[in-house]
């Protein structure tokens, strides 16, 4: 199962090997996951509901502790000792931006991560402004998150994570609940970032648009790994893992720019 | 029931403020324990308690139509205690009251202590103590949780009204007889309590049906099952046995004493300790606070008095205060008398609570035998 | 009024009162109310002076009188109580336009009305000139435990979100032809309340995850810290000090 399709640089952004996990109630969700994401790659993590995607994501920054196997972020193993640094390096954008944006104003929310890491004063301010500019929300710094549209909130949620200058950006269903315009805007933003991206999604066209490579998590293991287009065109594979393309969408007909 | 400024005099307001601050401080520690999930500790408190507070804030706006255009809403103290535990309950309701006072001028700033003591602490603690007691007495099951919630909420509201009357006795600024205040407050709040009880019971029932694991008050439901098999092996006693802990302190009935002390301490802290501590605190507070606060002249008045500028020769504050009528007779020292009055007030409230509890328990234990077959 | 975070009582402005640091304002209002509450009720003129002080503060804050008066309505339930008081209180009676009223009851009513109204007016003024976020920071500066401030700010942040969920549930009920008309329907409403609790609690857990993911370990990082200069404290103290002078006069005269 070990994917060696990508030639990884010295230390890949993310290296998961043999990861297994069972919840305290005994339910096992992961059965030995192996996944390597090279620096600067954009990878889509696909899989049916209940495949263990969220469980896997929560291992990446040590919220869940591996029962077996290891997770390494840019050479640094995930563990109690370097948890603060791991959480800075792995930026998770959760599905509901209302969960992610818990501070009273956008500025404070974006500042939360870097401030927790010890940044203060003008340096912190600069970090906040930079992150907000990258998602095109610099004009909204003093607004309360509740007053923003859903798409804007999702972009701010991305900024909150970018402000921590993460090694890898992990997005949980980034396109859910977005109107087509917001969806495209977010895609433009994600493409413009020079950061490793792991994107958990059910939105297969979005995965095809943004991620050259996809992996399928099914039954707690990586069941497929390869070019997104090839993967989506493999009807049998898709069917086996309960992945379905939207009506009228033909991945073969899409020509990718790069 | 948000008390405005000026309703209760300054010393009692300050004293309740101190009580409220202490209770909130204790609750902060307790809430940490209650909200700690699997493994993770203190850092869960703020988001979870905050969300629960937001929930209470929101649910107070949910209108329950009564009839002909009138409607009531939930106060939430009992509900909070049962759903998230007494400490978190006190904490959340206090935060709601604080925010209402600061943001919406709902309830006076100086009356914050009174409001928190009354609506956050008394309601929550009374409700939870009753609830735990009942849950132990009643046969295990979802229905019992609902019944216990009903009774807990029902009693908690008039108990708060009683506590308010107590505070009023100590530091009320209006000269209305205690009897009238008590009757009016408790009378009205028994009615409110019925509404509160129905809504609380239905809400708790709804949560228990879907996510019993989220109901703090029902957490013991599965674990103590094992505990009971241990107990059954000792004597041939019935279901009443399990309740010893809660009852023993409330009434000194011979029955629990004769039974063997519950050998296996519960997985959680036993209710008895909580109950005893609560009673002790209430008595000490009521006694101590009234001893110092009420019968003592206001600080400023004292200054005036001492310096001989009290030209109007006003009566001693103790005579002026309603406590003069209420003070225990034949006790010369007004301070002592006031203190005793406070203690008696708490005692009376407690007796009412316990009375209801005992009655309900009797009825239940009489009913358990018949229902034992029917209930799961 | 802007909904949500610029809470209902807040009036945006740039007056000297708006500019004061929040903790100075909170302390000033609290001391003022405390002084008012400790004033003897017989000193009727003192309460008049307090009202003048409040009016002056409102003037400095450029809060229109109408706004302030409208907000005083929140007191109404207790006005009713105060009105009843002369009828039910004990003590010697006096005849006022044919009604036999208790003298001490009248004093009691006056006491509650005057002090309560001044208290509400002061709180409204505070809320009208201080933004929500500032209020929380102010409370924190005044040594309110940080955990409590955090809980309060979460409550404020998610109060809207949860109220919104409640509103959506109501619309969902209405859309399916359900309208609560009486006690019979409480069961349905309580189910909604229960569902709301579950959603709130689960959201709390998700928020916790999101926070931990960004390095939260139990304490909020200090991002904005406001400090007050001596001059600001002095300015804020003007109100309670003036009130204290009135109060002392009230006790001596």
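Note that Cβ sites are derived from N, Cα and C of the backbone, with glycine treated the same way.
Taken from TrEMBL, the feature compositional bias 'Low complexity' applies to B:243-256.
Positions annotated as domain 'PDGLE' by TrEMBL: B:272-362.
Per TrEMBL, region 'Disordered' is recorded for B:241-269.
The transmembrane segment annotation in TrEMBL covers B:7-28 (among others).
The annotation transmembrane segment is assigned in TrEMBL to B:48-67 (among others).
Non-local neighbours of the transmembrane segment (B:74-99) in the same chain are 1-2, 20, 23-24, 26-31, 33-35, 48-50, 52-53, 56-57, 59-60, 62, 64, 107, 112, 115-116, 119-121, 123-125, 127-128, 131, 149, 152-153, 156-157, 160, 192, 196-197, 199-200, 203-204, 207, 214-217, 274; each lies 6+ residues outside the stretch with a CB under 8 Å from one of its CB atoms. If you look up TrEMBL, you'll see B:74-99 (among others) marked as transmembrane segment.
Per TrEMBL, transmembrane segment is recorded for B:111-135 (among others).
Residues annotated as transmembrane segment in TrEMBL: B:147-170 (among others).
Below 8 angstroms of C-beta separation, residues 64, 66, 72, 74-75, 78-79, 82-83, 142, 145-147, 149-158, 160-162, 164-165, 217-218 of the same chain, each at least six residues beyond the ends of the transmembrane segment (B:182-210), sit close to that stretch. Under the heading transmembrane segment, TrEMBL lists B:182-210 (among others).
What TrEMBL lists as transmembrane segment is B:274-293 (among others).
The annotation transmembrane segment is assigned in TrEMBL to B:339-360 (among others).
Take the transmembrane segment (B:147-170) and the stretches B:7-28, B:48-67, B:111-135: counting Cβ pairs under 8 Å, B:111-135 has the most. Listed as Cβ neighbours of the transmembrane segment (B:48-67) (distance under 8 Å, sequence separation of 6 or more from its ends, same chain) are residues 31, 35, 73-76, 79-80, 83-84, 88, 91-93, 95-96, 99, 195, 199.
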